[in-house]
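Notes to accompany the following structure.
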Amino acid sequence: MLAVGCTLLVALLAAPAVALVLGSCRALEVANGTVTSLPGATVTLICPGKEAAGNATIHWVYSGSQSREWTTTGNTLVLRAVQVNDTGHYLCFLDDHLVGTVPLLVDVPPEEPKLSCFRKNPLVNAFCEWHPSSTPSPTTKAVMFAKKINTTNGKSDFQVPCQYSQQLKSFSCEVEILEGDKVYHIVSLCVANSVGSRSSHNVVFQSLKMVQPDPPANLVVSAIPGXPRWLKVSWQDPESWDPSYYLLQFELRYRPVWSKXFTVWPLQVAQHQCVIHDALRGVKHVVQVRGKEEFDIGQWSKWSPEVTGTPWLAEPRTTPAGIPGNPTQVSVEDYDNHEDQYGSSTEATSVLAPVQGSSPIPLPTFLVAGGSLAFGLLLCVFIILRLKKKWKSQAEKESKTTSPPPYPLGPLKPTFLLVPLLTPSGSHNSSGTDNTGSHSCLGVRDPQCPNDNSNRDYLFPR
C-alpha cells in the first residue's frame, strides 16, 4: 500500500506543469462600466449620458475622500499618472444636472505568493500561510486549491478560502486533517484582484511528517549561588502544544557571547530544566532551546529567542588596605563542596553529557599533559625500585659483618698436653687430711696441677 502511494506521488510530481495546475487562477471580475487601471497610467473617462455628446461643457466632480472638480469641453475627462487614491466615482454634470457616473479602480497586481504549510500539534488541522511584502489592496482575495491523495479512494479536489489578518499581515488557510491521518496533500495558493492574479508553486506535505511545534516559551537563564561555572536553565511548552497526549523532547544549545560555535545537549523527554556545568567564569552566555514530538514525529521546532545569562560571581573581598579583591576568584574547596551539594540533582535537573566537546582544554594540550604525567609516574616507580634494591643489599652486607659465623672458618687443630702418668712421691701425702680446704686439681689444664691421678686405677688395679 505504501509503495502504491509513493508511486502515485512520484507520478504526480513528474507530470507536466499543466497536469499540476490545481485550479484556474484568474483576475476578479468588476462591475459593468468600471474602468480599471494600473498606478502611473493615463486614464480617459467618458460621461455616459447622450446629452453630454458633442462640445457641451461638462462639469466633473470626484466623490472620493477629497473633493475635486474639473470642467471639460466634451464628454471626456483625461487623468494622468493616476494612483491608488484616485479610485472612486466620478460624476459628470451638464447645466447642474447629473448626467452619469464613471467608477474608476486603480489597483496594484498581486505579487507571487510563497506558500508555507505547518501543523503545530498532531491533534490540530494543518495551516498554510503567506506573508506578502506589502499590504495588499482591499479588493485582493486569496483561495487555496488542494488535492488530497488517498491510496484507497483515489484523489479528491477541493478549495479552501483564505483570510487576511491585519494584525499578522498574512493570508492563512486551514486544511482539515484527522488525527493519525497519513495521506499526502498538494496545495497551491491563488491571489487575485481586479487588475491581475498570481499563483504560488505547489506544496506537497504528509499529514504526520509536517508536524512542527512552536519554539519553547518562557526561557529563563539564571546563576546558581556558589557555583562560578554553573547556569540554571528552565522553559515551558509552547501554548499551541497539548501535553495531555503527546510530550516533547528538547535540545539545548549555548555559547559565550563572543563565540559563534554552539554546544548542543540532547535532553530527556518532558524535561523542562537543566544545569550547565561548564560555563566560563564571569562570561555572559547565549542559551536557546527547541522541541520535537517525543517519538520523532514531524520536525524540530525553530530555536527559541536568545536569552543571556552570566554565572555567579563571588562578592568582592575587601583587603586591610581597602582594596577590593578579585570577584571571580573562588577557592577550589568551595567549588568542590558545592558540586557535592548539587551533584545529586533531581530528575528534572539531571544534566546529560554534552554532544559536542565542551572542555575548554585543547586536545593537544591534554595529550601532552597526560603523557608528561605518565612519564613522571614511571620515573618515580623506577627510582623507588632502584633505591629499594640498594637498601636491601646494604642491609644484607651489614648483617653478615656483625653476626658470628655459624661454623668455624678453618680446620680445627688438636691441642697436645704432656701429662705424667705417675704422681711424684710426697705429693699424695702432702695434700693433708682436709681436701675441702686445699686446692682441688681435677682439671688437666690447671697449671698448678702438673700430675693427674684420676686414672691411677688403670695402672694399679686393686
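Using the three backbone atoms N, Cα and C, a Cβ is placed for every residue, glycine included.
Segment annotation: Swiss-Prot labels motif 'WSXWS motif' over residues 300-304 (candidates 100-104, 255-259, 300-304, 455-459).
For Cys190, the disulfide partner recorded in Swiss-Prot among Cys6, Cys25, Cys47, Cys92 is Cys25. Relative to Cys173 (disulfide bond), the disulfide-bonded residues with Cα atoms inside 10 Å are Cys117, Cys128, the candidates having been Cys25, Cys47, Cys117, Cys128, Cys190.
Checking the disulfide-bonded residues (Cys25, Cys47, Cys162, Cys190) against Cys128 (disulfide bond) with a 10 Å Cα-Cα cut-off leaves Cys162. On the backbone, the CA of Cys190 (disulfide bond) and the CA of Cys47 (disulfide bond) stand 35 Å apart.
Taking the Cα of Cys92 (disulfide bond) as the reference point, the closest of the disulfide-bonded residues Cys25, Cys117, Cys162 is Cys25.
Sorting each residue of the domain 'Fibronectin type-III' (215-313) by its DSSP state yields 0 helix, 42 strand, 57 coil. Cβ neighbour count for Cys190 (disulfide bond): 22 (other Cβ atoms within 10 Å of its Cβ, all protein chains included). Rounded to the nearest whole angstrom, the C-alpha distance between Cys162 (disulfide bond) and Cys47 (disulfide bond) is 38.
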